[in-house]
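Copied from TrEMBL, the annotated features are:
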- A:6-30: transmembrane segment (TRANSMEM)
- A:37-56: transmembrane segment (TRANSMEM)
- A:68-92: transmembrane segment (TRANSMEM)
- A:104-123: transmembrane segment (TRANSMEM)
- A:151-171: transmembrane segment (TRANSMEM)
- A:192-216: transmembrane segment (TRANSMEM)
- A:236-257: transmembrane segment (TRANSMEM)
- A:264-289: transmembrane segment (TRANSMEM)
Amino acid sequence: MPTPFFVLEVALSGLLAGLLYSLVALGFVLIYKASGVFNFAQGALVLLAALVFVRATEIFDAMGPATVGFWAALLATMAVMVLVAAAIERFLLRPLVNQPPITLFMATIGLTFLIEGISQMIWGSRVYTLDLGIPDEPWIIHGLYIGKIDLFAAAVAIAMVIALAVFFQFTRIGRALRAVSDDHQAALSIGIPLNFIWVVVWSLAGMAALFAGLVWGAKLGVQFSISVVALKALPVLILGGFTSIPGVIVGGILIGVSEKLAEVFVGPVVGGAIESWFAYVLALAVLLVRPQGLFGEKIIERV
Amino acid sequence: MVPISTQGQGDRSERGAPALLEVANVEVIYSHVILVLKGVSLEVGKGAIVALLGANGAGKTTTLKAISNLLKSERGEVTRGSIKLEGRSTTDVTPHDLVRQGCIQVMEGRRCFQHLTIEENLLTGAFARSNIGKSVREDLDRIYQYFPRLKERRKSQAGYTSGGEQQMCALGRALMSNPRLVLLDEPSMGLAPQVVEEIFDIVGNLNRSTGVTFLVAEQNTNIALRYASHGYVLESGRVVLDGTSDQLLANDDVKEFYMGLSGETRKSFKDGKHYRRRKRWLA
Ligand SMILES: Nc1ncnc2c1ncn2[C@@H]1O[C@H](COP(=O)(O)OP(=O)(O)OP(=O)(O)O)[C@@H](O)[C@H]1O
Ligand SMILES: [Mg+2]
């Protein structure tokens, strides 16, 4: 019989891991809300951001002190992600405007392979280490083991969500983004330039990818499997609903916690590693009961 | 029948100054095959209210979207003719730039941003403007003066307000862009007669006090012609009749087919013998 203490510890590590899924899922939601495009390439963006960051750190570290190097590399990578967003808008979204969603979905699949292919050309396929300067030893609070890097990930995810919430709620561009996600035709009719909006959301998704890439890269090393791990964001999306930012946070936590608990307590019973597929089963179960996800945006219907 | 002309709209003089909006022989095709507008021409003078009348499917919305360049996003295309705003062609001008030049459309069905509050909706209307900040605040107050109901509901989510309030919101949102020409598509749609009256009253007020020009597409011929100085009647993608509102109101065909004042059985406008009498449009 496991002690409650052990259960708590497992749940906590699941919670922290789950927030990382949320971070990736956030990128999906931003793009989906603003343009109805399901961006399959979000995982590839995570990989790309991590690789660019590693290269930028190398360059800046050679030039000066490490702390300056970190921030310079971070800013440089952000700039690259914005450029990538602009390029995607110009060469992918703009030519395909007014095409059905499935066409755009296919295009993002193509984009995934393009990004991965180009990354492989530039970086090869070796595993890079990414050092955030956070020691890999856990904190022990009252005997509870908490990974420092997990804690950092959680803090980043929460900070990002708060920043986004403020941006959406209180800025002119944030308001325009919400308008576009409500009715893009109407937004167009009052002079909101959709091209610009797309660059903004893809840039924001790029930032989410960057932070996810940093944490994942620091934990697992920067390697191509990152873009596969990112697919864990899918069940999070199904759980949280494709249009809800609070939804992906809660969804990520639910997936992270339940998958860890299942792995530890159910896994031995069924005799296998269930962590890799448990999330999908959970998502399917939710899908059957609530097709719009737990937090899918309510469609306002006046009667 | 009285001769029909477009002279004397608003303060446009006969001195030859260009109208605010000139639409000449415009042809629109959807999805490369569906011919919807078959050579529509019309003029809107500065400071006027002009009505664009016609039954369902006549092409009113298509005409407005051709002017505001919103057709592209619906796989529609202007294949012939020209549209000029103050003498300048609007071909290839993006909706964003058109709004900045002062031409904005209020789409059919109001299309407020349902999850935004009324005030947020109004503020989005100022997005395309380059002067932001204080003057936006002032304009917001001005809009609230015209639409006191919106002020009361400013914190409500637009999706939960009444149809009339949403129409006011859509109109107010467009006005926040500081337009010179508003293309207003069926403001009366689905609203109680009293509310329709209220909306048109505000349009009339705005027109008189701020000089904003309106091109209003309407099926409600009666009320549209009461507020407009001029009207155009569209049928199957063609202008079949135009004139001052008084002329149109006195016209038997208009009475019969668009205001239902005659007891005769309904027939197509085309059967009317006055139909061919319409003015031939620019070659
Ligand atoms: N996107 C589209 N693709 C193909 N045909 C279209 C499209 N939009 C409109 N049409 C057709 O064009 C014709 C004119 O439509 P339009 O919406 O301009 O009429 P309307 O005068 O505004 O009618 P209503 O009073 O019902 O709003 C209709 O026959 C309609 O079926
Ligand atoms: Mg219409």
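Any Cβ shown, glycine's included, is placed from N, Cα and C.
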Given pairs 6 or more apart, does the transmembrane segment (A:236-257) have at least three Cβ pairs under 8 Å with the transmembrane segment (A:68-92)? no
I'm a bit unsure how to read this: which one of A:37-56, A:68-92, A:192-216, A:264-289 has the highest number of Cβ pairs shorter than 8 Å with the transmembrane segment (A:6-30)? A:192-216
Is the number of Cβ-Cβ pairs under 8 Å between the transmembrane segment (A:68-92) and the transmembrane segment (A:192-216) three or more, considering only pairs separated by 6 or more positions? yes
